[in-house]
Amino acid sequence: MRPSAARPLSPALAARRHPHPRPWTPQAGRGWRRTLSQDVEASIVSLWAQACGAVGLVDDDGLGHAVVPGLALACVGSLARRETGPASDLDLVLLHAPASPGAARAARLDAATVAALAERLWYPLWDAGIALDHSVRTIEQVREVAGGDLPAAVGMLDLRHLAGDASLTQDCAAMLLGDWRRATRKRLPDLARDAAERAEMAGDLVTLIEPDLKEAHGGLRDAVLIEALAASSLADRPHGQLDRAVDTLLNARDALALVTGRPTSKLLAAAHDEVAERLGITGSGGSSGGEEPRDALLRGVYEAGREVASALDTTMRAALRAARPARRPLTLVRFGRRSAPVLESPDAGVAILDQEVVLSNDAAPEEDPVLPLRVALVAASRRLPVAAVTRRSLARCPVPTAPWSELPARPGAQATALDLFVDLLGTGKELIRVWEDLDLADLPARWLPGWREARNRPQRNPIHLYTVDRHMVRTAALAGELLDDPGLSESLGAVGLAAPQAVEAPQWRRCLLLAAVVHDLGKAPGVLGEAHAAAGVERLPALWEVLGIAERDAQEIALLVRHHLLLATAAGQAPGCAEAVDAAREALGTGPAALRRLAQLTVLTEADARAAGPRAWSPWRASLVAQSTAALARALG
């Protein structure tokens, strides 16, 4: 017969008793989840007392809490972290000390008694409809599970006492932490591999219209992994922005649970509007030309995901570095005293320390607006990460007050900040990684007019995997790779075009890379379909004023932005048809200048499509573009 007990309080019922906060800010959400956790915990403690009484274990601590030496109830998971949401499950561990024949209470803690107590705990929770993960173990059994199961080891680090013998829980938690710290150096490669495999399966949170808030790279499971890495003592965890990011994701998770009534972390598109409404996200006008609430929702989720992903990458890198045998940089010894390490300094204010790009001792971030570009270019060209502390320092750099084309790249140099920027854009796929460092310091949005509106902006198009800003950066990165491809001349020649001659190559490259990184700047709220190309051109003058772009370059870049869809459109028509030829002549003109522009558009079209995702560029699609381009080259030549 099933044991009976008072009905416990489920997380869902606790959420109904405590309406969610309005406004639902990260801090308010955290407080709400703590309230839910406290209510659920109090209910479980009450259930514990009833269960102990039912099986004859009635000792208490004078406060009505049943306490039996050698027996404790602990939790892991969201309840342990005090992150209980409306659809959270419970993960409980009934700890018991092995029965000892000489102990006064041995008979009371035999296997049958422990099993009976477990039934009195688990059945009422199941009857209440609570999703329950449960186990009954000794400390040694818990340690054995954690030692053989990496995800379990990470989860067990959150172990927290609920009821019973607190010393038993404390001993178990201390032993688990000690085991973790002793074994982490050996287990780090497995941790990194597991995280990479999970990211491969669930995707990158900031690339998905329907992200998994828990499993995707940059999601809540990564936040738990960061805590585990910090617990190893091999690395510190970031605070501040990371904490707000985690609370933002938890808020979205909980609003999703309230909307769907189900324990899901998959933010499906069908739920976006209701989740945004539940969170109190209003957007900025919707159909009247402002951002729709559902897009504002995703923008906030993407922002949080980027922060979590960056924090994990930084923390994992620090832990792996700490786990390696120490390698000290070269030092000088004078008169028996060791001097400061001698660091490689590849550029003004920039140094390399322990395979990371850092600032040199003479760097002055508050006075050097070009320093971030030098740091980024070194990081990209050397394929090295930017140290987290360096990224925070770069955030203090002032915004240039003069056009970039007039700012020296470094003291006394003829090269300019604009030259550095173009060189950075041409570093290929390394640009994607390094731009993320700049973005997390909020530098592109401070530098480039219109970038903040594009930042983290979702693209509700099945062809596009990335936000508007990430797509533009990826387009520039791929354009840089194509420009550096030794086979570029051959591929252009196959469609009747020529690569630029040496004398015109710098401008050709400069205009193409700048067009690539801003080509979708017109994708703003209220701008529909192909109209974004013309809308983007309207944003360019403000950008050129900042960068100091020469008039000739400005005209060429504007043409590339305005017509960056020309070849994609022509590929959907019969090669050389009158409609396609007329459109190309109107856009590009005729003669050598038209062929030069057509060659640039050929590179830009491939980079744009490949940057969107695999559905936008395939061998079949490439052949269609090539046929159309060849026909247009014959018509315009």
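Positions of Cβ are set from backbone N, Cα and C atoms, glycine also.
Record note: among 1-31, 435-465, 1-31 is the stretch given as region 'Disordered' by TrEMBL. Distant neighbours of the region 'Disordered' (1-31): 39-40, 42-44, 46-47, 50-51, 54, 84-88, 90, 119-120, 123-125, 127-130, 243-244, 247-248, 250-251, 254-255, 258, 278-280; these residues of the same chain sit at least 6 beyond its ends, with a Cβ under 8 Å from one of its Cβ atoms. Along the domain 'HD' (468-584), the predicted structure has mean pLDDT 93. Within the region 'Disordered' (1-31), the DSSP-based counts of helix, strand and coil residues read 13 helix, 0 strand, 18 coil.
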